[in-house]
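Copied over from TrEMBL, here are the features:
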DOMAIN    B:53-137  domain 'G-protein coupled receptors family 2 profile 1'
DOMAIN    B:147-394  domain 'G-protein coupled receptors family 2 profile 2'
SIGNAL    B:1-23  signal peptide
TRANSMEM  B:146-172  transmembrane segment
TRANSMEM  B:184-205  transmembrane segment
TRANSMEM  B:233-253  transmembrane segment
TRANSMEM  B:260-279  transmembrane segment
TRANSMEM  B:299-319  transmembrane segment
TRANSMEM  B:340-361  transmembrane segment
TRANSMEM  B:373-393  transmembrane segment
Amino acid sequence: AHHFITATACQEADYGWMIRHYCLKQFQLSMEGIGQRLWCDWDETVGTYGELTNCTALIAERLDCYWPNRLVDEFFVAVHRQYFRNCSLSGRALRDPPNGVLCPFILLPILVTLLMTVLVVWRSKRSEGIV
Amino acid sequence: MNKTTHSCFLLIILLIRMVPSLSSTVNYTDPTLEPVVTENSVIRQKIIDSQFKCYERMNRAPPYKKKGLFCNRTWDGWLCWDDTPAGRVTAQNCPDYFPDFDPTERASKYCDETGNWFRHPESNRTWSNYTLCNSFTSEKLKMAFILYYMAIVGHALSITSLLISLAIFFYFKSLSCQRITLHKNLFFSYVLNSMFTIAHLIAVVPNPGLVKRDPVSCKVLQFFHQYMLGCNYFWMLCEGIYLHTLIVVAVFAEEQRLHWYYLLGWGFPLVPASIHAVARAKYFNDNCWMSVDTHLLYIVHGPVMAALLVNFFFLLNIVRVLVTKLRDTHRAESNMYMKAVRATLILVPLLGIQFVIIPWRPENRLAGEIYDYIMHILMHYQGLLVATIFCFFNGEIQGALKRQWTQYKTQWGQRRREHCSTRSTSYTATSITEVPIYLYHHDSNNEQLNGRYVEDSELVALKSGETSA
């Protein structure tokens with residue numbers, strides 16, 4: 001009998017409603033507080049985003065749903081569409097600079113190395129008196 | 001050194017971090033439990049980052065266009081999964097959130113025939129297979145420890161053999177010439193490089209607290225580490241240039257000015273090291289600059305590879321000249337220089353080969369392990385190899401050492417005989433008259449190259465004969 005109870009514990013409709021009314025409202029307030037200009041600044045929004053994630057997980061636990069699930073996916077896709085549509089794909093992860101900056105950084109020492117080699121070969125020739 | 005081998009060290013770091021707490025913070029073996037929010041903020045941060053990127057990707061990627069059933073793209077709590085056709089298993093690399101997850105292993109997810117993601121039979125929830133991520137971790141940890149200790153032993157052996165070689169070079173003043181001076185500088189740079197590497201391996205790698213605190217000192221250590229790496233290879237280049245000038249350009253005239261060599265060997269490597277430091281600080285300022293996932297490392301490795309290539313071509317040119325032009329004219333000298341070049345010719349490819357084969361780590365586990373061992377030996381036992389080939393296997397130095405040894409032996413023998421017996425003078429007389437003959441015969445092999453050494457030892461023999469007769 002108790003298997004039957006736990007199997008029907010997660011009501012998807014309820015879950016959907018609750019995350020929209022509790023978690024999303026909180027998130028909306030925070031994001032308004034941050035200001036639309038800074039929505040694409042990951043350092044500013046990471047805390048609020050994390051809280052939103054926490055909130056959906058907690059409600060899932062409350063309602064005996066497993067997390068994440070299809071509703072969570074749809075929910076977050078909608079959130080992203082609304083708030084992060086125009087942002088570049090950033091994140092706190094470090095990445096290399098763009099190729100336009102990286103290539104000169106790499107090619108310059110190589111060229112200087114070759115120049116220095118030529119210089120040393122030339123100077124050691126000259127120091128013998130052999131030109 | 002280079003990306004893949006540094007990633008070995010990264011694995012070592014990750015696995016060493018695992019030692020105090022041998023389990024991850026999430027019980028992933030429990031099939032019913034999907035990843036929930038963990039307390040550890042660093043791990044949680046990484047997971048939130050990945051989640052954000054995943055939903056961004058899901059938002060922007062175009063909808064599934066192919067025909068047939070498919071499973072929708074999803075975020076499973078740890079990794080992002082794309083639209084997958086029905087009946088297929090999709091896989092990607094394990095995440096690196098937890099210390100016992102190996103990012104080179106694969107996590108998989110099965111999309112069944114009906115177009116739904118696989119549900120675990122026990123819990124009936126959507127489940128991805130992360131079991132491979134930490135299943136081999138104990139063996140990998142063992143191997144990582146073996147490689148780590150191998151590296152430390154290699155560098156310690158290198159320092160020892162290089163210091164012995166330096167002692168030999170400084171003691172036998174008669175050996176010294178310009179080429180030996182260059183050897184001394186090369187060995188010295190190897191000693192410093194090994195010291196910095198050992199400092200890095202002992203102080204920084206097993207110390208995640210230090211890495212987390214990220215003091216300036218560990219970045220300074222990295223800067224010097226990169227500088228010494230450059231010095232190593234640029235001194236090899238100086239050796240090549242010296243030989244080239246000596247043989248090809250000036251044809252055995254001695255006495256070049258060594259100032260430019262000192263500049264290239266000690267001064268110039270500051271340039272790539274500084275540029276790397278600036279670029280790293282500005283664009284990829286991770287903790288202690290330990291990450292090897294960045295192309296910025298090529299700022300140092302690019303010039304090193306260029307130096308190796310240039311060196312190799314110089315040496316090929318030298319061999320060409322020695323073989324073709326000088327064979328007939330300067331026979332004796334060309335043999336001697338051929339021997340000198342032989343040592344450098346063996347070393348340059350050996351030192352450079354790690355840069356060539358590094359990108360091709362085999363996928364197979366056993367072959368990968370063998371590859372790791374070989375690469376570690378090539379990288380960390382270089383100092384020992386250089387000392388052996390340039391010093392211990394050098395005929396001149398072996399001869400000088402042998403002479404010194406026999407000199408000591410006769411001196412001890414003399415003192416012992418003087419001490420032990422005052423009566424059996426006939427015995428001492430005969431044994432002393434034998435000694436000069438022995439020395440003379442012994443040195444006749446080296447007569448060709450080292451005429452003056454034969455004279456020295458004869459003088460020694462004569463002196464010993466005089467004092468005791």
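Cβ from N, Cα, C; glycine included.
Nonlocal intrachain contacts for the transmembrane segment (B:233-253), taken as residues 6+ away from its ends with a CB within less than 8 angstroms of a stretch CB, comprise 178-179, 182-183, 185-186, 189, 261, 264-265, 268-269, 304, 307-308, 310-311, 314-315, 317-318, 321-322, 326, 330, 333, 337, 340-341, 344, 347-348, 351. A Cβ distance under 8 Å defines the sequence-distant neighbours of the transmembrane segment (B:184-205), meaning residues of its chain 6+ beyond its ends; these are 9, 12-13, 16, 148, 151-152, 155-156, 158-159, 162-163, 165-166, 169-170, 211, 218, 221-222, 224-225, 228-229, 231-232, 235-236, 238-239, 261-262, 265-266, 288, 290, 380, 382-383, 386-387, 390-391.
When Cβ-Cβ distances under 8 Å to the transmembrane segment (B:260-279) are tallied for each of B:146-172, B:299-319, B:373-393, the top count falls to B:299-319. Outside the transmembrane segment (B:373-393) by six or more residues, the chain places 1, 4-5, 8, 147, 150-151, 154-155, 157-159, 161-162, 164-165, 168-169, 183, 186-187, 190-191, 193-194, 197, 232, 343, 346-347, 350-351, 353-354, 357-358 with a CB less than 8 A from a CB of the stretch. Predicted-model confidence for the domain 'G-protein coupled receptors family 2 profile 1' (B:53-137) is 88, expressed as mean pLDDT. Each residue of the domain 'G-protein coupled receptors family 2 profile 1' (B:53-137) gets a DSSP state, and the totals for helix, strand and coil are 14 helix, 24 strand, 47 coil.
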